[in-house]
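Right, one structure below, let's go through it.
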Amino acid sequence: MLKNYFFDVIIIGGGHAGTEAAVASAKIGCNTLLLTHNIKTIGEMSCNPAIGGIGKGHLAKEVDAMGGIMAKAIDAAGIQFRILNASKGPAVRATRAQADRYLYRKAVYNMLKNTNNLLVLQQFVENLIIKNNNVIGVISKAKDKFYANSVILTVGTFLDGKIHIGLNSYPGGRTGDLSSISLSSNLRKLPFRVKRLKTGTPPRIHASTVNFNILTKQESDNPLPVFSFTGSVSEHPRQIPCYITYTNKNTHDIIYNNLHYSPIYTKNIEGIGPRYCPSIEDKIIHFAHRDSHQIFLEPEGLMSNIIYPNGISTSLPVDIQLKIVQSIEGLEKASIIQPGYAIEYDFFDPRDLKNTLESKIINGLFFAGQINGTTGYEEAAAQGLIAGINAAKKVLEQDSWYPNRSQAYIGVLIDDLCLQGIEEPYRMFTSRAEYRLSLREDNADLRLTEIARKLGLVNENHWHKFCIKLDYIERERQRLRNLWVQPNTIGIQDLNQLLKKPIMCKINGEELLRRPEINYKTLTNLSFFQPTLKNIQAAEQIEIQIKYEGYIAQQQEQILRQLNYEQTLLPKNMDFSLVTGLSNEAISQLNNHQPYSIGQALRISGITPIAISLLLLWLKKNNLLANKINK
């Protein structure tokens, strides 16, 4: 039994947002309670068994740089690791790892279990306790009351979740789990803006019924990538391949001829689905010119007999799903273990949140994850981290913190959500970031770990490894600056063979590394520039910093110019009709979005440079131009 029911921070939900929030809050020093309906599903991968990808890998790396657990968990559970966009520039390169579902859950739970100040308890939460517009606790289904000064809602797809298969539907948070109907009903009594979204998942296939011999095999990269900045390849379990197959005309005909059984096309589902992860029904309608669609057959674990066919999410009836599966090459004799389904759930308009992810309506109440309209484990984890930090800081009466758009993809995510809101499930892409050359996977720790250390999120071991990496980078760059070669240097022909044009004057190692034909490894394999750094992360960072130095410097100038706008505050709850000269559209948009700064106002649709000039004039006239954000 609990000795008491009083905590500093309570988190409702043990998914990717909830676990990151719990760890962050506990690390900062708050007595933290994580409530979950089922301890066995903590860290569950409800949909595809993978972490990372374009934009998503950037988020996972940023969470890791700030002491989060997602990257460490996937390093312990990843059974196939790849770098996407490896042949492209560093801004869009992204790590992706296939996960063993069981090992991932185990890794997450073990990290929670070993976190000080954190208690994990199995309880189904039905209501919040609110007093004078402040949240002060929660009530469980068993009518137990748990009190705290900050509460974080990380409930995923469970709020009034409804599962659809064909024309049938039933309550559920995901297959095998109950829906949170009472909590949804009670939250809807509060003055929040609540809407519905939907997502879906494909049928799961029995591995022994798949003909892998005729399919394209996709192995892990060599050398194996590592997700966590403090991780190593030795932590990875055994690696196994994924396989690739395709839909065909027969597949598409089966789907098209049965659309009248689809809950999406019969309007049984009112929620909007994810644009960038469409169902197979949506694919054949919206991409009718395509003869086939790629499917990745992803193993769900080393000891699992289940295959996840990534690319055929569907909510058609089970018998139709089987026909679809068996129409695909390699799956002619496949059997389905679990049918695909669509799920509808409540989400709360994130424009009702501050950038700390605290509600503007109920003090001390924070929202993170799919409840804010995002899709994806990594987006949820990033929000959980920020909510956990700020829930704890609020309890401790310390300054809040969140990154801006120039600091992190997490900052882009939060700014997009809280300023623009969403009309469809939000997924992160590198294209969403205007400063993506500065926001790379490889430098997430250089951008965020020092901040995380000051916030209390990074332990001694993490900090020590980070400082060693910084030292390696500085020492090696200095060494390359001080190593010079000339046209008459003995053995210079070895270098000239690597260059489009032979060197004609004295040149140092840094200047040589700026040339497109030379990379760090080839340079330091030459006798004059040996030895090569053994620290792979530091070596990668040195090459990118030197090769892209000019472009990065230009972007930093842009960031500094924009930062002045970001730090110029607008009054809270401002009536923008007071600003002379603003168009009716601008007034409407500004009053609706209530930007907190000139920088945010700039990013609102319909707000022109002229409108910004008028706002700045109004601030100056009212002696408010000196108001700055101190962060």
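Backbone N, Cα and C atoms are what each Cβ position is placed from, and that goes for glycine too.
Features of the protein shown, as given by Swiss-Prot:
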{"type": "BINDING", "residues": "Gly13, Gly14, Gly15, His16, Ala17, Gly18, Val125, Ser180, Gln370", "note": "FAD binding site"}
{"type": "BINDING", "residues": "273-287", "note": "NAD(+) binding site"}
State the three-class DSSP label for Lys283 (NAD(+) binding site), counting H, G and I as helix, E and B as strand, and everything else as coil.
helix
By Cα-Cα distance, the member of binding-site residues Gly273, Glu281, Phe287 nearest Ala17 (FAD binding site):
Gly273
Just checking a number: largest C-alpha distance across Gly13, Gly14, Gly15, His16, Ala17, Gly18, Val125, Ser180, Gln370 for the FAD site, rounded to a whole Å.
18
Which one of the binding-site residues (Ser279, Gln370) has its C-beta surrounded by the most other C-beta atoms within 10 angstroms?
Gln370
Validating a neighbour-count step here. Other CB atoms within 10 A of the CB of Lys283 (NAD(+) binding site): how many?
19
Spatially, and counting Cα to Cα, which of the binding-site residues is closest to Gly15 (FAD binding site)? Options: Arg275, Cys277, Ser279, Ile285, Phe287.
Cys277
With Phe287 (NAD(+) binding site) as the reference Cα, tell me which of the binding-site residues Gly13, Val125, Gln370 is the closest one.
Gln370
For Ser279 (NAD(+) binding site) and Val125 (FAD binding site), what Cα-Cα distance in Å is obtained after rounding to a whole number?
32
Pick the one among the binding-site residues Ala17, Val125, Gly273, Cys277 whose Cβ has the fewest other Cβ atoms within 10 Å in this structure.
Cys277
State the count of C-beta atoms found within 10 angstroms of the C-beta of Gly15 (FAD binding site), not counting that atom itself.
29
Site of maximum Cβ density within 10 Å, from binding-site residues Gly13, Glu281, Ile285, Phe287:
Gly13
Using the alpha carbons only, what distance in Å do you get between Cys277 (NAD(+) binding site) and Gln370 (FAD binding site) once rounded?
15
Of Gly13, Val125, Gln370, which binding-site residues are close to Glu281 (NAD(+) binding site), meaning a Cα within 10 Å of its Cα?
none
Pairwise Cα distance for Gly273 (NAD(+) binding site)/Gln370 (FAD binding site) [Å, integer]:
12
Using a Cβ cut-off under 8 Å and a sequence separation of 6 or more, which residues in the same chain sit near Arg275 (NAD(+) binding site)?
Glu424, Pro425, Arg427
